[in-house]
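In what follows, a single structure is set out as structure tokens and then discussed.
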């Protein structure tokens, strides 16, 4: 999967731009607060239709402009497509090859990207919701049916919670419990299938890329049941408390995905360095899994990772990147250390006050 | 611009209230009507008024009808023992079009959706139970939509009806007939695989 051309108009602080990235490495460099991450964000948006930094669309539109227009030429499986995303304050619309996409799910996840950003460390440290979303976003890229499964479950959950708020009688609650258990079991199964594939890769990546000697693992905190009947039994056990708290207390929306190191929660027992390594190993394992499942290399977006990693991990990680056949975009403030590496083919873009200038001296 | 022609603007505004019709299409339709002979416009206006005057709901099955009870409820050639439950009149019409079902119907006029404030009391549930208690029905075919809400409605119905000793069935779902597997969406294929049957 390759991004051949990227055109941005009215996006964030960036001046209108058009770039033709390298098929290999693309280094976006410049001082802090110049707009480097905004470029990564634009690419991410074209794949996910959602930003990784802000849920508010209006913040994506340049001050003084009415709309932001993102356009990209993307080659996948030998065919080039044009993806366009138009953001206005009222809403967003997407076109592929000039045809309007009515159902966002048609575009969502077509451009597969894997984002590496140290900001996601907060997901490891934070509440279970963040870790679940890290997992669910990864699953969605390999399993297009997962979106529908997740949507059905969310819908059931909202409907059932409303009934609990209304203190509805059991006869009314029962069909929603059944539907919640069915869709919830499907969601848990999809997560478990993904985790089973990811675990061995995660261990491997942690050892080879991060040089960690600890045993790492990830999984849900207690033995959670994977069948509809299991979930129905859980709902039955929590029934009295559900009435009290007026919300659904058992199900995949409450399952705690634990990142573990030597059998203990990484969140409480891992050092900062171990947490960073874990995240890096998780993402790397995700890339490898995605390549195997889709037979295509995702576009890697690395936000300021260079400064995060100590030199050992940096070397092993760059070895992984060099072996990776896909396209890489990375931001950095320190271009000199990258010059020493044999990254090829490479193209550099310097960003100054929102303005992008390709640097011909670094082109190969 | 339309403000200077109030009668035209009014028609456009009324037409734009239709589902699936925006201001552009409404303007096109209004120009079309303008070019039509007066008799055509009168026929349309008459048809709309007649619709509102003549059509009501059948007091037995709650399908739309001009006579009460409706022709389906009074048709002697239908099987009294088979009752098909649908959400909306248009669902009934879809099943009738297929000519595959020769029983009677009951239109719930919606599906359970607590988020929209729709519970059993907002639907034609109690009327359905009354009909079933009459004793003639052997089998209830639940043909609510295959959405989260339609499924929950079906489950609720099954829970209420089974104690009466009536068989409850649900429409099958999966790959549409005459379609190529390759063009069917992932979620449908997924469900079809889950719901596979022995040959």
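Cβ coordinates come from backbone N, Cα and C, glycine included.
These come from TrEMBL:
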DOMAIN    A:3-338  domain 'RecF/RecN/SMC N-terminal'
BINDING   A:30, A:31, A:32, A:33, A:34, A:35, A:36, A:37  ATP binding site
Whose Cβ lies within 8 Å of the mean position of the Cβ atoms of A:30, A:31, A:32, A:33, A:34, A:35, A:36, A:37, the ATP site, other than those residues?
A:331, A:333, A:351
Is it possible to get the count of other C-beta atoms within 10 angstroms of the C-beta of residue A:37 (ATP binding site)?
22
For residue A:32 (ATP binding site), list the number of other Cβ atoms lying within 10 Å of its Cβ atom.
8
Which whole number is the mean pLDDT over the domain 'RecF/RecN/SMC N-terminal' (A:3-338)?
90
Of all the binding-site residues given, A:31, A:33, A:34, A:36, which residue's CB has the most CB neighbours within 10 A?
A:36
10 Å Cβ neighbour count around residue A:35 (ATP binding site)?
22
